[in-house]
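Here the structure comes first, spelled out in structure tokens, and everything after it is commentary.
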There are 2 protein chains.
Amino acid sequence: MDSRAGLAATPGALPYYVAFSQLLGLTVVAMTGAWLGLYRGGIAWEGALQFNVHPLSMVIGLIFLQGDALLVYRVFRNETKRTTKVLHGLLHVFALVIALVGVVAVFDYHRKKGYADLYSLHSWCGLLVLVLYFLQWLVGLSFFLFPGASFSLRSRYRPQHVFFGAAIFLLSVGTALLGLKEALLFKLGAKYSTFEAEGVLANVLGLLLVGFGVTVLYILTRSDWKRPPQAEEQALSMDFKTLTEGDSPGSQ
Amino acid sequence: MDSRAGLAATPGALPYYVAFSQLLGLTVVAMTGAWLGLYRGGIAWEGALQFNVHPLSMVIGLIFLQGDALLVYRVFRNETKRTTKVLHGLLHVFALVIALVGVVAVFDYHRKKGYADLYSLHSWCGLLVLVLYFLQWLVGLSFFLFPGASFSLRSRYRPQHVFFGAAIFLLSVGTALLGLKEALLFKLGAKYSTFEAEGVLANVLGLLLVGFGVTVLYILTRSDWKRPPQAEEQALSMDFKTLTEGDSPGSQ
């Protein structure tokens with residue numbers, strides 16, 4: 001455990017990467033708002049503007065908040081594991097609730113306008129994301145927050161939870177790009193190819209979305225930035241390590 | 001090294017996941033061909049069909065071959081590191097050459113038709129992928145294949161190479177989805193919402209692209225499926241480990 005104990009201090013570059021990710025994430029949210037305000041007439045729950053609730057809610061919920069929920073274990077390195085878990089779970093709940101508002105907005109808008117639902121690749125990917133996101137949250141809650149699951153069961157599930165969490169987040173970013181593209185082509189059509197200001201702004205927004213996704217993934221996957229185990233977890237893992245590796249607790 | 005030596009046997013489930021990834025990848029290539037054949041008049045270098053060279057080449061090069069190049073270290077576990085590296089580098093060269101044919105096809109088609117270039121989010125993402133892909137290949141070649149780079153330099157660069165390799169692959173999948181969506185909306189327009197056969201086929205193709213991306217990423221990131229170090233690498237790493245950790249070679 002000696003080498004791990006050395007990680008308890010926050011790695012030098014981590015705060016800068018986290019700050020950069022937040023700058024990117026907030027820029028994405030602000031730019032989505034600016035796009036809707038400047039070129040789509042703003043946001044309201046009534047009439048044609050109801051559609052605009054959809055992109056803004058999805059970007060706040062399934063991009064910014066979901067991304068930040070993934071970073072909780074990298075940012076809060078010395079709080080208790082339980083506090084960090086609750087924050088991680090709560091951020092995902094906020095993300096899901098805000099995303100559901102966005103989903104209701106687009107279905108309600110389609111219904112009032114008599115448009116078809118769920119025909120596009122964007123909507124298929126979006127539906128997949130929502131179902132997987134909800135399942136991942138439920139399974140995560142039952143494994144990690146309820147006391148029933150054993151330490152060994154949690155240890156085996158954890159890498160799967162992390163992988164699918166990252167995959168769902170990336171699929172959310174991809175779905176946002178598809179939606180942005182759809183919104184551009186429906187409205188601009190052939191004018192998209194004349195470098196209209198709205199098209200250029202939306203392309204830049206798309207690249208920033210990609211940048212946010214890549215930055216969150218980088219922070220998440222860098223092995224020397226992982227959260228160091230706390231004293232409480234080390235105590236918990238004692239029995240398991242003793243059983244499986246034959247280490248004596250005294251050797252820790 | 002005892003615990004690592006136990007990994008020399010191929011993990012039980014790995015071949016099934018690799019087979020599944022190949023099934024998905026080949027289905028994606030076949031389905032792209034079927035889409036272009038059934039709904040877009042097939043493929044040729046002349047006239048309107050020249051455009052169709054673009055999606056097929058990009059899917060073969062930057063999706064299927066790039067994905068397989070990432071899997072080389074998981075599939076060839078007992079070949080020498082050098083053989084595996086050369087295969088990894090060559091697959092990426094094939095992928096890049098086939099992708100360049102696809103890029104030339106679309107620029108040539110645009111030029112003949114008088115269409116604008118590089119205005120869409122798809123084209124911006126695609127250009128970014130190509131530049132990053134070429135840079136990653138060049139930097140990878142100079143670090144890993146030429147004998148100049150020291151063991152410690154390679155060790156420090158390796159995680160960055162793996163991260164950016166995975167990120168470029170995922171961005172390639174995202175760019176393909178954007179291109180598919182663009183091709184559908186340009187041709188089908190409002191008919192997309194009537195669940196036209198072409199739209200449904202292309203949506204399924206999109207989901208299969210996502211499935212291939214996720215499967216490759218899963219195989220790549222599962223920690224117990226990583227390639228075990230070979231005897232030659234252990235010998236190479238001796239001096240470095242001796243210097244940094246104070247291990248004596250005899251203790252290996």
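Heads up, the Cβ atoms here are built off N, Cα and C, so glycines get one too.
Whatever TrEMBL says is automated annotation, not expert-curated.
Per TrEMBL, transmembrane segment is recorded for B:12-36 (among others).
The annotation domain 'Cytochrome b561' is assigned in TrEMBL to B:20-221.
What TrEMBL lists as transmembrane segment is B:56-76 (among others).
Only residues 6 or more beyond the boundaries of the transmembrane segment (B:88-107), in the same chain, are considered here, and those with a CB under 8 A from a CB of the stretch are 45, 50-51, 53-58, 60-62, 65-66, 68-69, 72-73, 117, 126, 130, 133-134, 137, 140-141, 145. Residues or ranges marked as transmembrane segment in TrEMBL: B:88-107 (among others).
According to TrEMBL, the transmembrane segment annotation covers B:127-149 (among others).
According to TrEMBL, the transmembrane segment annotation covers B:161-180 (among others).
Per TrEMBL, the feature transmembrane segment maps to B:200-220 (among others). Here the transmembrane segment (B:200-220) has long-range neighbours at 14, 17-18, 20-21, 24-25, 27-28, 31-32, 34-35, 38-39, 59, 63-64, 67, 70-71, 74, 162, 166, 169-170, 173, 176-177, 180-181, 183-184, meaning same-chain residues at least 6 beyond its ends whose C-beta is under 8 angstroms from one of its own.
If you look at the transmembrane segment (B:12-36), the same-chain residues 6 or more away from its ends with a CB under 8 A from one of its CBs are 42-43, 52, 55-56, 59-60, 63-64, 67-68, 71, 74-75, 198, 201-202, 204-205, 208-209, 211-212, 215-216, 218-219, 225. Looking just at the domain 'Cytochrome b561' (B:20-221), the mean pLDDT is 96.
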